[in-house]
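Taken from Swiss-Prot, the feature repeat 'WD 1' applies to 36-75. As annotated by Swiss-Prot, repeat 'WD 2' applies to 78-116. Look at Swiss-Prot and you will find 119-158 tagged as repeat 'WD 3'. Residues or ranges marked as repeat 'WD 4' by Swiss-Prot: 170-211. Taken from Swiss-Prot, the feature repeat 'WD 5' applies to 213-257. Per Swiss-Prot, repeat 'WD 6' is recorded for 267-306.
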Amino acid sequence: MAAPMEVVVCTDAAAQLWSCVVWELHSGANLLTYRGGQAGPRGLALLNGEYLLAAQQGKNYICAWELQRKDQLQQKIMCPGPVTCLTTAPNGLYVLAGIAESIYLWEVCTGNLLVILSRHYQDVSCLKFTGDGSHFVSAGKDCLALAWSLCSVLQADPSRILAPRHVWSQHTLPITDLHCGFGGPMARVATASLDQTVKLWAISSGDLLLSVLFDMGITSVTMDLAEHHIFCGGSDGSIFQVDLCSWPGLREHSFQPEQNTGKVFKGHRNQVTCLSVSTDGSVLLSGSHDESVRLWDVKSKQCLRTVTLKGPVTNAAIILAPPSMLNPEFRPSLPLPHFNKHLLGAEHGDEAQGGGLRLQLGLHLQGKEPSYLERLEQLQAVLSSYLEKNMLGSQMLPARVFDLEDEVRSLRKINRDLFDFSTRIITRPSK
């Protein structure tokens with residue numbers, strides 16, 4: 001079986017020829033292009049391996065394409081305001097969007113707007129789910145990074161104030177990027193800020209594990225899958241590689257480029273906007289405001305390929321191509337529903353029923369659920385059938401007992417005859 005193909009998905013601010021382009025990582029061959037608008041920074045996401053979502057820069061809607069119907073915009077998801085960042089749950093059940101200082105959470109199978117979280121004081125700049133979808137992290141221009149438990153956010157108690165699991169407030173300038181590692185509730189989160197630091201946090205405890213100081217503002221951050229290295233993109237175009245195993249026990253560290261010349265990638269002429277690492281950790285992808293996307297060999301720090309775009313790069317990531325992306329005959333399992341702009345129950349002025357959420361926890365549970373009266377009728381039918389069988393069985397029981405007793409008497413007679421016959425044979429005198 002062939003290994004999954006790694007592809008690069010990227011967008012730029014100009015969007016003259018296309019909104020999004022997909023090309024093969026190692027050969028650079030163009031595979032797909034999508035048209036329909038300009039995707040904003042950190043506004044690109046795959047939904048369940050079937051749809052591509054792009055938050056339009058400065059506009060109040062999200063474009064959605066089927067992965068194979070690239071020339072036809074499937075849907076525009078209208079939002080209450082311009083979307084500043086976007087992400088989707090790994091299982092494809094939820095969509096998160098940052099709109100101004102609030103976080104909007106939609107359920108994909110129904111399109112219901114479940115929750116609006118308002119704990120940031122300025123615009124939300126980044127949103128990321130953990131690998132298992134149990135938590136998500138938000139960061140904003142208010143210098144705060146918040147770790148949320150999805151289970152707590154979806155709780156249905158209206159009297160309980162929704163609060164993040166952790167509030168990380170050690171940054172002193174706006175947070176520009178964040179990265180969630182693997183491990184679910186044990187994952188580590190890296191945050192980058194204009195205060196010239198990158199900080200590493202533990203979701204499980206909320207502790208600050210490491211703070212690295214640079215000599216410039218950091219505009220992007222990522223880690224390899226093994227989490228041996230943090231890659232930090234600077235405002236001048238430099239990319240720094242921080243080895244997490246180099247300073248055991250140190251909580252704070254200052255990165256000096258002149259002392260770490262073998263840990264700096266040089267080539268971009270403007271700030272680095274996005275970073276991504278290949279699955280095996282050997283290739284680093286970077287996008288910049290200098291209108292170029294570069295592929296780097298991590299070990300040698302050499303630039304392997306440069307792709308020039310028509311505008312500043314807003315999104316660039318290395319992903320494993322889902323089967324639907326490479327299969328021309330593939331169609332989504334379910335169409336996207338209409339996404340509501342108002343909270344569930346509030347769209348029709350139904351405040352009385354706003355205290356609970358009806359959650360469908362699977363993509364294929366679309367459709368009308370039976371009412372309680374219908375469920376009661378089904379239960380009564382099952383109970384009646386069970387009682388009927390029991391009554392019928394109780395009437396046949398005496399006849400069955402009589403048959404078994406008769407069979408036992410017959411077997412006893414056969415056994416006695418067999419015993420008598422054997423005794424006569426054994427005791428017969430020999431001639």
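Cβ atoms are placed via backbone N, Cα and C, with glycine included.
With a threshold of 8 Å between CB atoms, the same-chain residues lying at least 6 positions outside the repeat 'WD 2' (78-116) that come near it are 40-50, 53-56, 58-62, 122-129, 131-133, 136, 138, 140, 142, 150, 153-154, 162, 334, 336-344, 357, 359-366. Per-stretch counts of Cβ pairs under 8 Å to the repeat 'WD 5' (213-257) identify 267-306 as the leading one among 36-75, 119-158, 267-306. Within its own chain, the repeat 'WD 3' (119-158) is flanked in space by residues 42, 84-91, 93-94, 96-103, 105, 164-169, 171-185, 187, 189, 191, 193, 195, 201, 203, 206, 354-357, 359, which lie at least six positions past its ends and keep a Cβ under 8 Å from the stretch.
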